[in-house]
Amino acid sequence: MISEVLDDIIDNQKNLTYNEAYTCMNDLIEGKYPDSIVSSFLTALRMKKETIDEITGFTQSMKDHATQIDYEPEDEYLVESCGTGGDLFKTFNVSTVASIIASAGGAKISKHGNRSVSSKFGGADALEALGVNIELTPEEVENSIENCNFAFIFAPVYHEATKNVMMLRRELKIRTIFNLLGPISCPSKITARVTGLYDPELVETIAEVAVNLGVKRGMIVHGFDKEGNPAMDEVSNIGKTKVAFINDGNISVRYITPEDFNLEYSDANDIVAPDTQDEHLKIIYNILNNVVETKADKARMDLALMNSACILYAANKVDTLAEGVDLSRELIESGASLKQLDNIIKYSNNH
């Protein structure tokens, strides 16, 4: 299929149908074309800008080729929270600590990810350093979510069929459609999501893709800095955030600010990613232990509270984002979030 459509994409900026995109991804996974053709194809897609149908078709093919996780919680949303990376402003690992807090509050989270690509310390890196077993079988994923509301799904284990394509992606060293596919190709039956994007122009597009893939509720976000520049693949406490809200499959887009969470703006320097793993772990532990002694501590705490609130909101555990902050703060102050980390470590290691 790729050889049939490549010239038309290059010459006429042809947009692929869902079925064409699905078949092209199948061809990539099955290794039907040399790297030179695949590189040209991925580059041509990027130059014309990928469409909703193309991203949906590619993602569904990846999900269909992945090791399946059939678990569906009864009468609950199954939430995924992650970001694309590739953003201009590098923060500490917010989504990981936010997921721990939100899962302590009852949100059932299937967190899909890989080792760091663009950040200094990715989700898999953080959880592994905390003592979490990141290489779970589908049965262990179900057991962990059932017992402690959280499991990590390590992408290379579940997307074995796409490893050759992933190797080529790294060799290309340019942004391709695969930068978008990773965060939305979780093999779990995701029905709610909080997904951060590197580009605010993609917020509506990925929201549409999420709905196409079965998401009923969630927030697709990009955070800005104080001057209004695109900055973060997560909700921002240093500026406004563009959000596509998904509710029963319907999409509405608006901007939110820290004031929607009953919080104040923070300074960018206070939430920047540290240079070492030990410093990163200290930030995570400080948040979970409710250590707020400096201005930077407060900024990091607020960012974690905001992103946890979004997960709780997506999981329908709270009615407003401000209520999500209140619940998240209560979970930290009571020690429930720190205990939750211990539970995640325990159940991920089959105890």
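Glycine is treated like the rest: Cβ placed from N, Cα and C.
Just so you know, TrEMBL annotations are computer predictions that nobody has curated.
If you check TrEMBL, you get these features:
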type	residues	note
DOMAIN	4-66	domain 'Glycosyl transferase family 3 N-terminal'
DOMAIN	78-337	domain 'Glycosyl transferase family 3'
BINDING	Gly83, Asn114	anthranilate 1 binding site
BINDING	Gly83, 86-87, Thr91, 93-96, 111-119, Gly123	5-phospho-alpha-D-ribose 1-diphosphate binding site
BINDING	Ser95, Glu234	Mg(2+) 1 binding site
BINDING	Arg169	anthranilate 2 binding site
BINDING	Asp233, Glu234	Mg(2+) 2 binding site
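Structure with TrEMBL features highlighted.
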| residue | record | Cβ contacts under 8 Å, 6 or more apart |
| --- | --- | --- |
| Gly83 | anthranilate 1 binding site | Ser95, Pro183, Thr195, Gly196, Leu197, Tyr198, Asp233, Glu234 |
| Thr91 | 5-phospho-alpha-D-ribose 1-diphosphate binding site | Met232, Glu234, Ile271, Val272, Ala273, Leu303 |
| His112 | 5-phospho-alpha-D-ribose 1-diphosphate binding site | Glu80, Cys82, Phe152, Ile153, Ala155, Tyr158, Gly182, Pro183, Ser185, Cys186, Pro187, Ser188 |
| Asn114 | anthranilate 1 binding site | Gly122, Gly123, Ala124, Phe154, Ala155, Pro156, Gly182 |
| Arg115 | 5-phospho-alpha-D-ribose 1-diphosphate binding site | Gly122, Ala124, Asp125 |
| Arg169 | anthranilate 2 binding site | Leu42, Thr176, Phe178 |
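All protein chains shown were included, and the count of other CB atoms within 10 Å of the CB of Glu234 (Mg(2+) 1 binding site) stands at 27. Mapped onto DSSP classes, the domain 'Glycosyl transferase family 3 N-terminal' (4-66) shows 49 helix, 0 strand, 14 coil.
Under the three-state DSSP scheme, Ser95 (5-phospho-alpha-D-ribose 1-diphosphate binding site) falls in the helix class. The number of other Cβ atoms within 10 Å of the Cβ belonging to Asp233 (Mg(2+) 2 binding site), over all protein chains shown, comes to 29.
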